[in-house]
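As written in TrEMBL, here are the features:
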- A:26-43: transmembrane segment (TRANSMEM)
- A:55-76: transmembrane segment (TRANSMEM)
- A:Cys65, A:His69: Cu cation binding site (BINDING)
- A:83-109: transmembrane segment (TRANSMEM)
- A:Asn470, A:Ala471, A:Val472, A:Lys473, A:Asp517, A:Lys533, A:Ser548, A:Leu552: ADP binding site (BINDING)
- A:615-731: domain 'Response regulatory' (DOMAIN)
- A:Asp663: 4-aspartylphosphate (MOD_RES)
- A:Lys716: ubiquitin cross-link (CROSSLNK)
Amino acid sequence: MESCNCIDPQVPADDLLMKYQYISDFFIALAYFSIPLELIYFVKKSAVFPYRWVLVQFGAFIVLCGATHLINLWTFRIHSRTVAVVMTTAKVLTAVVSCATALMLVHIIPDLLSVKTRELFLKNKAAELDREMGLIRTQEETGRHVRMLTHEIRSTLDRHTILKTTLVELGRTLALEECALWMPTRTGLELQLSYTLRQQNPVGYTVPIHLPVINQVFSSNRAVKISPNCPVARLRPYAGKYMPGAVVAVRVPLLHLSNFQIYDWPEVSTRSYALMVLMLPSDSARQWHVHELELVEVVADQVAVALSHAAILEESMRARDQLMEQNVALDLARREAETAIRARNDFLAVMNHEMRTPMHAVIALSSLLQETDLTAEQRLMVETILKSSNLLATLINDVLDLSRLEDGSLQLEATTFNLHSLFREVLNLIKPVASVKKLSLTSHIASDLPMYAIGDEKRLMQTILNVVGNAVKFSKEGCISISAFVAKPESFRDARIPDFLPVLSDNHFYLRVQVKDSGSGINPQDIPKIFTKFAQNQSLTTRNPAGSGLGLAICRRFVNLMEGHIWVESEGIGKGCTVTFIVKLGIPDRSNEFKLPFVPKVPGNHGSTNFAGLKVLVTDDNGVSRTVTKGLLMHLGCDVTTASSSEECLRVVSLEHEVVFMDVCAGLDGYELAIRIHEKFTKHQDRPLIVALTGNTKKVTKENCMRVGMDGLILKPVSVDKMRGVLSELLERRVLFETV
Amino acid sequence: MDGIVQLQRQLVDYTASLFHEGFLDDQFNQLQQLQDESNPDFVVEVVTLFFEDAERLLNELTKTLGQPSIDFKRLDAHVHQLKGSSSSIGAQRIHRVCISFRNSCEEQNVEGCLKNLQQVKQEYSLVKSKLETLFRMEQQILAAGG
């Protein structure tokens, strides 16, 4: 659009007004055309504008207005019809558009306004979220700090390290100026400054524990803000210019092992606390935030747990050290005891032998001496010697037995023996002694007492002898009665034997033996003591220098080993006493009875020959050998028949002969002979044993002998001893093949 | 008394020398052990038996070896007998010679056999004289009352 700045010179007076109107209209048109351009430009630039068509409308409106104004320029002067028409058109259009726009804007402007409000709202929201984000981040960081702190604290079990680490980490996390820990003193009446963050060696400040501020802190488990001026917070000279930093204190529970009962959490009342004081930097105008306080509380709790763990560990390590020491001491003691026992056993073993040897010599020689010619005086002396040495020997045996019994190393034997003959023997042994003392001896063996029993015969005899011997020893006159019978179950429930619980079974029975004497008796109060070894009965009337005090103790041990019980009853001094014991013996079953000691004893190799009358046949074609062998066998007591050839042998051999000795040097003759002998006696059970005597040391000889059914092979030369051994083995085993 | 002691000592020495020179071995001791009250002349009897047996066998051996065709089996049988007898009484040296004699027989070595026969005869006469001396000494002691 051209703009014409030409001023019409025709109308000078209203020309000025015209001029101004002209210029204004021009600028209006200019503006009206540039506004849409600007709008279009900026809308294009912005990405978001929802109402584009409104813009179009608005643009059209403005353009038309502008056009109108522009066309106005031509209407100042006389203008043609065309211009008027154009002007009118433009105006009409403008009117339409502007009305439309006006109508439209009624709807649109509220919308646009609400957009604005929403924008404001969103901005507020964003600000709020930002704030919350900030908070969360701080919390998360706090959490992280706590975890790290906890990790640091819990990574050690050393008390000091725990506390020091706590202070350091807290200081770092919260950027503290100072952090201090006050621990209760031993007396519990004061708090002592134990650890600080900045100061290397805290001087021993103490504060009394019952300050109000401290009580306040101890009474709650929260971190409490305290005044910077209170004694616990005044740690070092105040260096800031304006204000000291805010101070917070929290309690740290200290738990001891004694606080932990099993299944029981420590009670609050038994706790003692330490005080942790934290100071923010001075002059920083920082305040304690809630999350920081929470952090401090959590840390304090963690420290408490870590400290308690450390305490428990310390305690358990101490206990373990103690146990180890005890173990070492016990081990040493055990080894010492073992050494002592071994030394004692060695001593006993040696003394046993050493003591017994001379004893045997004395006893043997004394008894020999007794049998020589002696004067009466000498005889008396020898008898005394003999008696004393017998006693001594008994004593030695007793001591040895007792020590073995105590050891538990004594084991009873279990053999089958004749019970009745045992009692007979005891009686036989005691009768002479009793008759010398003019005591009458009666015995009563129950008829239902088994003939045979399984047990330790020797020790049972020892026990009975001891008991009966005591009865005889301590009786000056009167009678002794011995009774033995099978104990019935009813008698077990006896008040006198409270601890005795017999077990009844099919292959055991309980033997009850009672020995009554009418001698000096025992004071009932002394009864428990008589089974104690070496305790002598001190009663004047019964003092017997011959007793050693061991006998009854040993008896009791034996009886106990036999799962029985022994006890003494006496009504008092001078009223005699009764000794009763019950022992468990086995019942031999039927088959055992035949294995009883009626087995004939097998003679030893060097005993007297029991080849007496043994009929043997010697076959040898060599006269010299034959004679030698015959002489050998005759020396051993055999009844020897000789044959000088196989035919003669076959003629002579009979069932009477137990053994046939034949020389097999002469080739196959001997083997042939063996076969023929076999044939002769095939129908008979006990044919003679065929034994080859040969100097032939070939292996094949042995095989040949076995092949033809020989019972033995002996190599020449044969000595007397060898022949003896060979014969006994042959007779026992019915076969003997000497290794070639 | 002295004489008997001396005689006894002589006997012991002589016996010892016999053992030492290898004429007799342990088997002879065994024989002596078998002599007791029930059998007082056992040793003499056995030895006499041996002498008879040995002489017979030696004659047989000489005869067999003198044959133009030598029956080695028969020879061997005899030597075997002699070996057995000599070992039974403990005549060690004869026993040894018999062993080598048997080897010669197995080899059918005539020269060897002849040589062995010679050896056996020699040994036999030696042992015979020694044993006879021994018995004479024993008799002397017995006669003197020891």
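First residue shown is number 1, and so on along the chain.
For all residues, glycine too, the Cβ spot is worked out from N, Cα and C.
The model shown is predicted, which means the values in this text are computed figures rather than measured ones.
Shown on the structure are the features that TrEMBL records.
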residue: A:Cys65; record: Cu cation binding site; contacts (Cβ under 8 Å, 6+ apart): A:Tyr32, A:Thr94, A:Ser98
residue: A:His69; record: Cu cation binding site; contacts (Cβ under 8 Å, 6+ apart): A:Asp25, A:Ile28, A:Ala29, A:Tyr32
residue: A:Ala471; record: ADP binding site; contacts (Cβ under 8 Å, 6+ apart): A:Ile480, A:Val515, A:Lys516, A:Asp517, A:Gly519, A:Val579
residue: A:Val472; record: ADP binding site; contacts (Cβ under 8 Å, 6+ apart): A:Ile430, A:Val433, A:Ala434, A:Lys437, A:Leu439, A:Ile480, A:Asp517
residue: A:Leu552; record: ADP binding site; contacts (Cβ under 8 Å, 6+ apart): A:Asn466, A:Asn470, A:Ile530, A:Phe531
residue: A:Asp663; record: 4-aspartylphosphate; contacts (Cβ under 8 Å, 6+ apart): A:Thr619, A:Asp620, A:Asp621, A:Asn622, A:Ser625, A:Gly670, A:Ala692, A:Leu693, A:Thr694
residue: A:Lys716; record: ubiquitin cross-link; contacts (Cβ under 8 Å, 6+ apart): A:Ser625, A:Leu693, A:Thr694, A:Gly695
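Tertiary proximity for the transmembrane segment (A:26-43) is limited to same-chain residues at least six positions away from its ends with a CB under 8 Å from its CB atoms, namely 1, 3, 49, 52, 55, 58-59, 62-63, 65-67, 69-70, 73. Around the Cβ of A:Lys473 (ADP binding site), the number of neighbouring Cβ atoms within 10 Å comes to 18. Among the recorded positions A:Cys65, A:Val472, A:Lys473, A:Lys716, the ones with a Cβ under 8 Å from a Cβ of chain B are A:Lys716.
Every protein chain considered, the tally of other Cβ atoms within 10 Å of the Cβ of A:Asn470 (ADP binding site) stands at 22. Using a 10 Å Cβ-Cβ cutoff, A:Asp517 (ADP binding site) registers 25 neighbours.
Residue counts for the domain 'Response regulatory' (A:615-731) under DSSP, split into helix (H, G, I), strand (E, B) and coil, are 53 helix, 25 strand, 39 coil. Under the DSSP three-state reduction, A:Leu552 (ADP binding site) is assigned to helix.
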